[in-house]
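Noted in TrEMBL for the protein shown:
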type	residues	note
BINDING	B:Gly15, B:Ala16, B:Gly17, B:His18, B:Ala19, B:Gly20, B:Val127, B:Ser182, B:Gln371	FAD binding site
BINDING	B:274-288	NAD(+) binding site
Amino acid sequence: MEFDTIAAISTPSGEGAIAIVRLSGPEAIGIADKLFRAPGGRPLASQPTHTIHYGHLEDPTTGEVAEEVMVSFMKGPKTFTREDVIEINCHGGIVSVNRVLQLVLQAGARLAEPGEFTKRAFLNGRIDLSQAEAVMDLIRAKTDRAMDVALGQMEGRLSKLISTLRQALLESIAQMEVNIDYPEYDDVEEMTRPMMLEKAEWVRAEIEKLLQTSSQGKILREGLSTVIVGRPNVGKSSLLNSLVHENKAIVTEIAGTTRDIIEEYVNVRGVPLRLVDTAGIRETEDIVERIGVERSRKVLKEADLILYVLNYSEALTAEDELLFEAVKDMNYIVVINKTDLPQGIDLEQVQQLAGSKRMVTTSLIEEEGIDQLEEAIAALFFEGEIEAGDMTYVSNARHISLLHQAHKTISDAIGAAEMDVPVDMIQIDVTRTWEILGEIIGDTADDGLLNQLFSQFCLGK
Amino acid sequence: MPKFEAGTFDVIVVGAGHAGAEAALASARMGAKTLVLTMNLDMIAFMPCNPSIGGPAKGIVVREIDALGGAMGRVIDKTHIQMRMLNTAKGPAVRALRAQADKVLYQQEMKRLMEDEDNLTLHQGVVEKLIVEDGTVKGLETQAGGIYRAQSVVITTGTFLRGEIIIGDLRYSSGPNNQQPSIKLAENLEQLGFETVRFKTGTPPRVNSKSIDYSQTEIQPGDDVPRAFSFETTEFILDQLPCWLTYTTGKTHQIIDENLHLSPMYSGMAKGTGPRYCPSIEDKIVRFSDKPRHQIFLEPEGRNTSEVYVQGLSTSLPEHVQRQLLESIPGLEKAEMMRAGYAIEYDAIVPTQLWPTLESKQIVNLYTAGQINGTSGYEEAAGQGLMAGINAAAKVLGKEEVILSRSEAYIGVLIDDLVTKGTSEPYRLLTSRAEYRLLLRHDNADMRLTDLGYRIGMVKEDRYAKFLTKKDLIEEEIKRLRKMMIKPNEQTQQLIQEAGGSELKDGIRAADLLKRPEMTYDMIAQLTASEVELADEVKEQVEIHIKYEGYIEKSLQQVDKLKKMENKKIPEDIDYHAISGLATEARGKLAEVRPLSIAQASRISGVNPADISILLVYIEQGRIAKVSV
Ligand SMILES: Cc1cc2nc3c(=O)[nH]c(=O)nc-3n(C[C@H](O)[C@H](O)[C@H](O)COP(=O)(O)OP(=O)(O)OC[C@H]3O[C@@H](n4cnc5c(N)ncnc54)[C@H](O)[C@@H]3O)c2cc1C
């Protein structure tokens with residue numbers, strides 16, 4: 001059987017210090033060699049099979065060193081899938097694995113469908129018959145879950161933006177098609193190269209913007225950077241612990257920064273949060289005291305989300321009001337903690353200071369109010385109040401790889417338009433871009449074009 | 001009515017419209033003893049609507065039919081009154097020929113061709129019933145009591161099945177143009193278990209040319225260069241008749257607004273589904289009310305008639321309103337309406353009941369082709385007719401079945417769409433339905449299909465030999481241009497400059513220079529001192545090949561992927577209900593369509609990639625199981 005080369009993260013997401021990206025297929029070795037640089041410079045293809053090699057991955061587009069990795073190299077048929085298999089071991093953080101996965105996808109691998117490695121193992125005769133049914137169940141179950149996720153994202157802003165781009169492309173395509181299929185109809189403006197070019201350039205710029213947000217890694221790969229602030233003893237570390245406890249945090253030390261800022265990742269109802277300076281909160285409960293006013297201001301400023309904790313049992317202090325001032329223009333949620341104690345705070349005053357921002361009351365000791373807080377976070381994110389980006393990270397590698405493909409095809413179209421190629425040829429790449437963007441939002445129904453055609457134009461005998 | 005034995009044949013074709021004529025000719029040409037039975041021998045290949053053949057996508061189908069040894073191209077080449085190449089300002093993939101036909105001559109020429117064909121018998125008769133034994137068709141019975149026996153039957157009855165004509169609130173049982181409808185046959189097909197849908201189409205009024213004031217219209221002449229559909233045609237008709245262009249006016253729109261309640265489409269009288277791409281004038285005005293005017297083309301119906309087809313005015317409004325409409329159009333103020341426009345409703349069979357060979361899934365050796373399968377258009381009908389005729393004969397003669405793929409021909413796209421997706425409205429081919437239209441060009445139909453035509457016996461020796469020579473010349477010339485270097489000398493630079501290009505800095509391969517948008521083959525030929533003067537159609541192939549190589553290459557890569565999936569066959573006896581894991585919707589759709597390959601399965605709407613994966617695993621499992629037994 002002949003297949004293309006597939007890749008996927010093969011370790012459970014966010015667990016363990018080391019993650020593995022696995023490739024399988026005829027091009028696996030070639031793809032790895034496009035990226036992998038061993039200290040001695042020897043390509044994997046020239047190495048004996050079933051060996052492990054230390055080195056770096058290099059981003060071929062920029063020439064930059066991307067990740068420090070160990071690569072296992074196994075030639076088929078003595079592998080799980082009976083095909084050539086490469087396993088890239090990298091650091092366990094979400095950032096690293098996703099980066100590695102993106103690199104291999106850019107280098108020509110296709111993101112594996114759920115269960116596809118197992119399927120290949122089966123198709124290549126590696127697994128025996130009795131396991132076939134299990135494989136099918138696996139495919140079904142995983143896909144259904146993936147579909148749920150996809151549906152969840154349909155509401156998201158990414159999907160809206162992509163739909164807008166697609167609609168713009170579709171209108172041009174429909175116009176082109178009408179020019180072709182009804183050449184004598186005068187009611188349809190002739191699609192010209194400059195018109196095509198303008199549209200294509202706009203779409204490309206939008207795709208680039210999206211790719212940029214993804215490479216900045218704002219939400220997409222790194223999570224919303226989230227800071228917990230508040231006076232000492234209001235319950236910041238309890239808040240941190242409940243979030244972490246409820247959501248299984250992954251601790252990462254940030255390379256290149258001082259060891260004392262530690263981040264933890266949690267996934268709150270599908271929203272990836274990167275909790276900043278967790279060690280600080282745990283040790284001294286006070287970020288300002290520990291890292292100084294200037295730096296804490298900076299941390300605050302760079303945050304996508306601030307959880308501002310107040311004490312229910314005490315009246316607001318001048319320091320509280322100063323903090324309100326400091327976070328004024330930012331996304332924050334007011335967490336009024338310690339409702340298990342008698343009220344000391346003037347809620348109306350808080351309301352005034354917080355304006356339209358969300359407020360939740362909690363008693364973290366009694367484990368009350370955490371649900372409401374999580375809901376508030378999710379609402380803030382999904383209702384688009386947070387500006388940093390709008391993609392969830394669940395299937396981000398797939399999105400990014402498709403965006404790269406779309407970028408390539410639309411650039412081909414632009415190149416052709418500049419070269420005076422006939423419009424209907426340019427359209428081939430425009431249509432392809434439209435299709436690829438459709439894959440991102442799971443919309444590949446092919447009657448879209450015909451519907452557009454007949455609703456946009458008046459055609460007939 | 002006493003019954004009588006009327007004869008035994010290999011293949012019987014019912015109907016001699018555009019589908020039936022091709023089916024009968026193809027079957028006979030393949031070597032099967034063929035009978036065509038049709039209601040009225042004077043109505044062979046009759047055009048009930050516009051007197052024209054070809055156009056985008058459709059014109060390419062005509063060329064494909066020709067490359068496979070069919071008749072439509074040859075006949076229209078002899079009987080047109082005008083021919084034009086469309087989309088000349090665009091890329092080669094979307095160019096297409098269109099001819100205005102002399103309707104009557106077209107019919108006569110087709111009839112003569114059929115009469116001249118060995119192995120083909122023509123007979124007038126109305127078919128009422130199929131003879132089916134053990135799920136296999138064995139022959140049929142006519143109204144006159146004739147029993148005709150055959151191994152295969154092809155039904156091509158167009159819009160006749162329970163046809164009903166509608167004009168205003170007038171509604172009567174009829175085939176197109178007041179021919180008799182086929183009611184008994186419709187009932188018989190229903191009894192045999194065919195699922196049908198009710199479709200609708202319409203046609204505009206015809207007016208007398210003598211009553212048209214042409215001074216108020218714009219002339220639309222044909223091309224004044226020789227053009228032909230058939231790769232075989234050597235004699236060209238240069239004496240052409242023009243068409244004319246005029247427009248609807250505010251008055252036209254007002255009349256329609258005022259009389260809309262009389263339109264069967266709006267009064268609820270008409271129930272069938274009409275095609276979106278051929279709306280009636282009342283539809284156009286209601287749906288696009290902001291458009292101040294619509295184009296009206298006046299097309300002569302032939303050299304020996306004064307009837308003129310009023311394209312753009314298809315309507316089923318009452319006859320007196322149609323008169324007012326004509327009067328409101330510049331040039332037609334005094335027009336004498338010879339026939340009124342009308343709508344027709346008819347039964348079509350749901351085409352997912354067919355295999356990609358157009359054989360019925362429930363009745364062995366029974367084929368259907370043309371408008372009966374839910375399509376609309378002469379070319380769509382002819383393309384299906386040809387394939388049904390080829391396959392019906394092939395089966396009888398024990399030859400290979402022929403299924404054209406989507407990457408091989410528009411006919412492949414058409415049939416695959418029908419049998420895989422079905423259609424919710426009368427289906428028309430559009431270039432946008434083809435994923436690989438750069439490969440499915442009008443200029444290379446012979447390159448794509450002559451080999452196949454020869455292999456199955458549709459293309460004869462002499463034609464094939466000519467084709468091979470042409471192919472060799474093209475390949476040789478491409479090779480030569482790829483090798484030959486062009487020096488940046490004075491002659492070269494001057495020629496490039498005249499063409500508006502930028503100067504050469506270094507020597508360049510001739511092929512690479514040709515890739516520049518401003519360069520043509522003839523310029524390159526000048527620079528490379530070609531020894532032989534090549535025929536135009538050879539030059540054209542060379543130029544397109546080299547110029548669009550990158551795009552063609554990309555399409556071919558996509559086709560390769562498709563082919564892999566097409567080669568993964570699904571066993572005919574597969575039981576979808578036994579496959580756990582398939583989604584319920586997918587299971588139902590797969591069981592209905594019964595796709596032959598994974599590629600076809602993946603095109604069924606409602607079957608998603610996970611279902612395809614499961615299917616692959618299941619099939620592979622079966623294969624392994626069989627091997628290990
Ligand atoms: C009013 C009208 C408007 C149309 N408008 C358009 C349009 O705008 N655009 C477009 O593309 N197409 C249009 N068409 C469709 C186009 O004419 C058809 O698609 C095409 O002719 C179909 O070819 P066919 O061979 O399938 O059927 P037909 O050409 O209709 O041929 C059917 C044949 O079957 C024969 N027959 C029927 N019943 C029996 C029987 N029981 N026994 C024996 N013989 C039988 C008939 O005599 C006839 O020879 C229109 C058709 C009509 C009628």
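Our numbering is plain: 1 for the first residue shown, then up by one each step along the chain.
The backbone N, Cα and C atoms fix where each Cβ goes, glycine too.
Feature map: TrEMBL annotations on the structure.
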residue  : record              : CB count, 10 Å
B:Gly15  : FAD binding site    : 31
B:Ala19  : FAD binding site    : 35
B:Val127 : FAD binding site    : 24
B:Gly274 : NAD(+) binding site : 23
B:Cys278 : NAD(+) binding site : 21
B:Ser280 : NAD(+) binding site : 27
B:Lys284 : NAD(+) binding site : 23
B:Val286 : NAD(+) binding site : 17
B:Phe288 : NAD(+) binding site : 15
B:Gln371 : FAD binding site    : 30
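In this entry, B:Arg276, B:Cys278, B:Phe288 stand out among the binding-site residues B:Arg276, B:Cys278, B:Phe288, B:Gln371 as having a C-beta under 8 A from a C-beta of chain A. A Cβ distance below 6 Å to any atom of ligand 1 is met, among the binding-site residues B:Gly17, B:Arg276, B:Cys278, B:Ser280, B:Lys284, by B:Gly17, B:Cys278. Note: the Cα of B:Lys284 (NAD(+) binding site) and the Cα of B:Gly15 (FAD binding site) are spaced 33 Å from each other.
The sparsest Cβ neighbourhood within 10 Å, among the listed binding-site residues (B:Gly17, B:Arg276), is found at B:Arg276. Of all Cβ atoms in the protein chains displayed, 25 besides its own lie within 10 Å of the Cβ of B:Glu282 (NAD(+) binding site). Distances between the Cα of B:Gly15 (FAD binding site) and those of the binding-site residues B:Ser280, B:Glu282, B:Val286 are shortest for B:Ser280.
Pairwise Cα distances among B:Gly15, B:Ala16, B:Gly17, B:His18, B:Ala19, B:Gly20, B:Val127, B:Ser182, B:Gln371, which the record gives as the binders of FAD, peak at 18 Å. Between the CA atoms of B:Glu282 (NAD(+) binding site) and B:Gln371 (FAD binding site) there is a gap of 24 Å, rounded to the nearest whole number. You'll find the Cα of B:Gly17 (FAD binding site) roughly 24 Å from the Cα of B:Arg276 (NAD(+) binding site). Between the alpha carbons (Cα) of B:Gln371 (FAD binding site) and B:Arg276 (NAD(+) binding site) lies a span of roughly 16 Å.
B:Phe288 (NAD(+) binding site) and B:Ala19 (FAD binding site) are 34 Å apart (CA-CA, integer value).
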